[in-house]
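Notes follow the structure.
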């Protein structure tokens, strides 16, 4: 008798049936959204495939990693990119040595001292604006400052300075984020023990956030190593290995790629073509290695969970 | 305050002030270097199409062509990237299975890690030949439409604004996507649950809660993408063909040079201070342009973030 009332609700719900039009719209939206994701994946896969498929030709040979193009003709098979690897790593390293301390100090200021003050707000805003400064503008600024105003020569170091401008905002942003998630309890416990603020920051806050900060720094470093525009304006290309960052022309992987593009015909299978994609794959490998290193290092310095 | 604390606080505050001052310094140094060249300019800097700076004693250059090409490539890129990024951001926040959302987001971020010279070389050597038949077809079928008329870089349709715009769209996808995603993720759960309880379909939930909530953030993110597109240097320098003696004529199948690509392509003129000044003047305009765009973008996003 009462079982019938359990089988069907007393009143039919308002939205029991979804009309066909709504179903179609929903289906269409779902399809479009999935499609747009696939659209973005296609160029990524295509670019990576191109770099690997064309680049793989030269890099398995040991002279690719141990020689430069110094005594090799531009249309001659042989030689390697050691000179460009040296330049890329040196310029990146010097850039990091300058940009990382500044970036971290700014992040510490924003999180520990600024706390929504006027200067802190202005700093945050300017860091955001700085992250939008085109790399060519950073290069022109260093040109105007370093080469025209101070009269110093073009060099790998001038490139590093331009890269510093591009690296600082990324370091600030990622470090700030990591410092903010350090629990306040840790700071308060340290103050309660009478530890000065600067020591608390150096010994408690920074080590806690370090694994995340290192990750951010490595990402930033990998990004600036792929920059080309500052290299064009601030240093000349040399096919010989140059270990001196303050003097003379110095190659870097992106600069080498651009130089081969300008000076060689770009037919698939030609020497210039192979060199470009070989250098591209080398650059991608270096960037991947740096990221891997960052992950491993971050794991090592991460605070132990019991 | 203990001396250690005072030193440390001053150090971090100094770093903050340094970053704030940096933006001003960039503007000032570019301006100082640009003035002599602007004085020597025989043409109107703002309204002249031509660019002739080879002879420092007789320079005649204007930015109108650069401005038009920069705007055209950026707008094409934005028109393609905006809907696709919206789709991806919705996909990552609303559609993708929770477990996969993070790896998928990482895949899109990988696009940002590819050095821009690799995008440029891929664009001109691999992508442009691949879509040439399609470009040719559009060009021929719709040539009555001014935007799609035959361009000024005959006979090939490879190094055009059409190609450059598409590649540029791929390059700005990750920044628009990641910021939109962050905003969409913050849609209040009660709103979504409310819509679901009323029997809304997935698409209706998005249309009535996620999109209205995230609209401002999405617009801000797109403007940041625009800022990136305006300043992109080497990829465009590699892709765009520069026509001989012809101006940009508002066809997508025109070649040309943007502010950034023009500077990057003519780095060899930087051995002369006066000629370099002309490019620095162009760089200053680009700096102001990206500053304004980023300023508005950040203001929009900042307002929503509170």
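Along the chain as shown, the residues are counted starting at 1.
A Cβ is built for glycine as well, from the same backbone N, Cα and C atoms used for every other residue.
The transmembrane segment annotation in TrEMBL covers A:32-56 (among others).
Residues or ranges marked as domain 'ABC transmembrane type-1' in TrEMBL: A:85-298.
Summarising the annotation, TrEMBL assigns transmembrane segment to A:89-111 (among others).
Positions annotated as transmembrane segment by TrEMBL: A:123-146 (among others). Long-range neighbours of the transmembrane segment (A:123-146) within the same chain, counting only residues 6 or more positions beyond its ends whose Cβ lies under 8 Å from a Cβ of the stretch, are 106, 109-110, 114, 152, 158, 161-163, 165-166, 168-170, 172-173, 227-230, 232-234.
Under the heading transmembrane segment, TrEMBL lists A:152-172 (among others).
Taken from TrEMBL, the feature transmembrane segment covers A:204-225 (among others). Counting residues 6+ beyond its ends, the transmembrane segment (A:204-225) has Cβ neighbours under 8 Å at 88, 91-92, 95-96, 99-100, 103-104, 108, 112, 163, 166-167, 170-171, 173-175, 177-179, 181-182, 186-187, 190, 195, 253, 283, 286-287, 290-291, 293-295, 297-299, 301-303 in the same chain.
Long-range contacts of the transmembrane segment (A:276-302) within its own chain (CB-CB distance under 8 A, at least 6 residues past either end) are made by residues 48, 50-52, 54-59, 64, 81, 84-85, 88-89, 207, 210-212, 214-215, 217-219, 221-222, 225-226, 253-254, 256-257, 260-261, 266. Taken from TrEMBL, the feature transmembrane segment covers A:276-302 (among others).
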*Mind checking which residues of the chain, 6+ beyond the ends of the transmembrane segment (A:32-56), have their Cβ under 8 Å from one of its Cβ atoms?*
268, 273-274, 277-282, 284
